[in-house]
Amino acid sequence: MMFKLTIVILLVLSVQGGKAERKLSKELAADPQVTDAPPTVPPPPTTPKPTQPEICADVWSGHKCLNLHGSGWCYKNPELMKSYCKKTCNACNGSGNCNDLNLHCSFWASRGACQNNLAVMQRICRKSCKLC
C-alpha cells in the first residue's frame with residue numbers, strides 16, 4: 001500500500017519584544033489515500049453455516065393431503081404434493097418410517113392392492129407399495 005506523503009512548511013512570523021522571529025515548522029502528514037492498490041476485502045468465513053433440520057409437515061390440512069394421496073396425487077403430481085403434502089406423501093429427506101405393518105403386505109401388493117385399496121395400503125404397507 002502506498003501513501004501520499006505531504007510536506008508542509010509553514011513560515012510563521014511573530015513579533016516578540018519588537019524583534020521579528022522566524023519560526024520554521026515542518027509538518028509531515030501522511031495521507032491515508034491509497035494511490036495504487038484497491039481496497040482489501042476480508043476473506044469469506046471458513047466455517048460453514050449451521051444447517052437447520054428439515055421440518056417434515058404438511059402445509060395443507062391433513063385430511064386434504066390424505067384425500068389427494070388416496071387419489072394417487074403423490075404419483076400424478078409429485079412436485080406439487082411434495083410442496084404441500086410432504087409428510088403424507090413421505091417425501092421428507094430421511095425421515096418417516098418405511099415399513100410394512102403386516103407380514104402379508106408384499107403378497108397383497110403383488111395382487112394389486114396398492115392401486116385398488118390405496119387408502120388402507122398407504123397406512124399398512126408403505127414399503128411394499130413403494131410409498132416411501
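Indices start at 1 and increase along the chain as displayed.
Every residue gets a Cβ built from N, Cα and C, even glycine.
For 39-51, the entry in TrEMBL reads compositional bias 'Pro residues'.
If you look up TrEMBL, you'll see Cys98-Cys132 marked as disulfide bond. Cβ neighbour count for Cys132 (disulfide bond): 15 (other Cβ atoms within 10 Å of its Cβ, all protein chains included). Look at Cys132 (disulfide bond): DSSP puts it in coil.
According to TrEMBL, the domain 'ShKT' annotation covers 56-92 (among others). Here the domain 'ShKT' (56-92) has, by DSSP, the following mix of helix, strand and coil residues: 20 helix, 0 strand, 17 coil.
Residues annotated as domain 'ShKT' in TrEMBL: 98-132 (among others). A Cβ distance under 8 Å defines the sequence-distant neighbours of the domain 'ShKT' (98-132), meaning residues of its chain 6+ beyond its ends; these are 66, 69-70, 72, 74, 89-90.
Marked as region 'Disordered' by TrEMBL: 26-52.
Summarising the annotation, TrEMBL assigns signal peptide to 1-20.
Within the model, the domain 'ShKT' (56-92) shows a mean pLDDT value of 86, rounded to a whole number.
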